[in-house]
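**Q** Supplied in structure tokens, the structure appears directly below.
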Amino acid sequence: MKMSKEGKQSKRTLLITGLIIAMFFSALDGTIVGTAMPKIVGDLGGLSMMTWLTTAYLLTSTTIVPIAGKLADLLGRRIVYVSGLIIFMAASALCGMANNMTELIIFRGLQGIGGGIMMPMAMIVIGDLFTGKQRAKFQGVFGAIYGLASVIGPQIGGWIVDSLNWKWVFYINLPVGIIAVIFIARGLQGRQQTGPINFDIAGIFTMIVGVVSLLLALSFGGKDYAWDSWQILGLFALALIGIVSFIIVESKAKEPILPMYLFKNRTFTFLNLIGFFMSIGMFGAITFVPFFMQGIVGVSASESGTIMTPMMISMIITSIIGGQLVYKIGIKPQIITGMLVMAGGFLLLTTLDLDTSKLVATSFMAIIGLGMGLVMPILTLALQESFSKEELGVVTSSSQFFRSIGGTFGITMLGAVMNARSGNLLTDKLVPYLDSLPAQASSFAAQLKGMIDTNPQGLLQSLFSPDAVKQIPAAFSSHIVPILKTSLMDSLHSVFYTGLIFIAVGAVFTLFLKPIKLSNKKAEDQQEKEKAAKAVESPSH
């Protein structure tokens, strides 16, 4: 029995509403949890384990993304999406009920599985529902939703923690998630299986070994363990074994998680490389500009966080505009434009100095956001326009996967640049002054020299704490603090120049893209009608 035109439109509206709700709250989760961290540690303890709340989620969510995309192609969108939502909600409830930090970390890892499944699914479903111009428009809208969640997340998190308690940061996902499940389950097409499903178990296992080992090495290297320690070298070795094994397994699998033949497609390879390098720059700016604001300008941690707001607002604007603009100028020109705008923003960041105001710094971040909004949604659109519906899940999730890896790699690589550069600067500028101090200050000088040798970045971060600065003897602070500030500024310049290079490399890869043709208007109108009908006419079972 076929639905009326009004019934189909109603189900599609229901589905899109469910997608928006699910995507908004999964994006919101990361920012509001960060706001609640101090309260969580105050209640559960485990300060030394706090970073694992983020690391556990990162590990599981990043690893599951390509697996979710393949499962969506094999099993259908509805069962995979709804399963991800249910896992996310169940884990959220468990996080709220956690009695200690260890339990919370485990449940955050479980929550990451649900979040990682949800992450690519909205874009996959948009790719199913729409073609051409409509697809571009909705990719832009959903990119804007992600940006909006990043802007208002800290405010919502702060209100929840202050008005209720930190547990409601997790519990709030339950009523909202239930609504999203109902809307998506009712609006999204199911699939009737006609034959056996070949799960690539070996591919899943080798991917988990390779990706988790790599992310752990990048997360802990240079911070918890030295880069040449046996722990980090062992993780890199295990990552190499896992990735090589994954490539071998995937080349022979009947239903590979990430088919190796896709990398022979120039469009697939270069679009994911562009996304990888763009994410290095994006996460570099988000991570290291607050260092400048706190250490040089002297704003508080909460104030430095607001510097992200203009960047996200500008990203929201260009995400929406870009979804329409791409149909006029084309995919390749828009990506090049966005990457060049981002590069311009990074070039401006290299001009930050001791006299830079908060307004100037935020305006530079806003320029980077303009470029991000032009590029991010269009990368997914370009992949979807270049492949068949049968490959939509894999190619869409691959885009999110390589961006996540790029972000993690970028934070680690740029952090290493900052550490190395700051160590050299402090050795050149601060050590000669410490050597000139009188004998009675020898223990103080030795302490600072030890920090320069082992943790120069940590010494510079003492600028973020007024209490730490006050511990420097008054007789020496007038010399030491300016040296620390100029060293921090110069090391951040090196970080921003490195980020600029990565963005420039991404822009160069854009030149190698073949022209990607968007669906023409007449064909698009007909395809829209056919897709909408198929998407909402769900089998009864």
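Every residue gets a Cβ built from N, Cα and C, even glycine.
Small disclaimer: the values here were computed from a predicted structure and weren't measured.
Sharing the feature lines straight out of Swiss-Prot:
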type     : residues : note
TRANSMEM : 14-34    : transmembrane segment
TRANSMEM : 40-60    : transmembrane segment
TRANSMEM : 79-99    : transmembrane segment
TRANSMEM : 112-132  : transmembrane segment
TRANSMEM : 141-161  : transmembrane segment
TRANSMEM : 201-221  : transmembrane segment
TRANSMEM : 273-293  : transmembrane segment
TRANSMEM : 307-327  : transmembrane segment
TRANSMEM : 329-349  : transmembrane segment
TRANSMEM : 359-379  : transmembrane segment
TRANSMEM : 401-420  : transmembrane segment
TRANSMEM : 492-512  : transmembrane segment
**Q** Do the transmembrane segment (141-161) and the transmembrane segment (492-512) come together with 3 or more C-beta pairs under 8 Å, pairs six or more apart in sequence?
**A** no
**Q** Assess whether the transmembrane segment (112-132) lies in contact with the transmembrane segment (329-349), where contact requires at least three Cβ pairs under 8 Å among residues 6 or more apart in sequence.
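**A** These two stretches do not touch.
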**Q** Restricting to the same chain and to residues at least six past its boundaries, which positions have a Cβ under 8 Å from a Cβ of the transmembrane segment (79-99)?
**A** 22, 26, 44, 68, 71-72, 107-108, 110-111, 113-118, 121, 125, 167-171, 173-174, 177-178, 180-181, 184-185, 188, 190-191
**Q** When you scan the chain for residues with a C-beta under 8 Å from the transmembrane segment (273-293), skipping those not six or more beyond its ends, what do you find?
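**A** The answer is 299, 301, 303-305, 307-308, 311, 335, 339, 342, 345-346, 349, 352, 356, 358, 361, 365, 368, 372, 375-376, 379, 399, 402-411, 413-415, 418, 461, 464, 488-489, 492, 495-496, 498-500, 502-503, 505-506, 509-510.
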**Q** Taking the transmembrane segment (329-349) as reference, which of 40-60, 201-221, 359-379, 492-512 has the most Cβ pairs under 8 angstroms?
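**A** It is 359-379 that shares the most Cβ pairs under 8 Å with the transmembrane segment (329-349).
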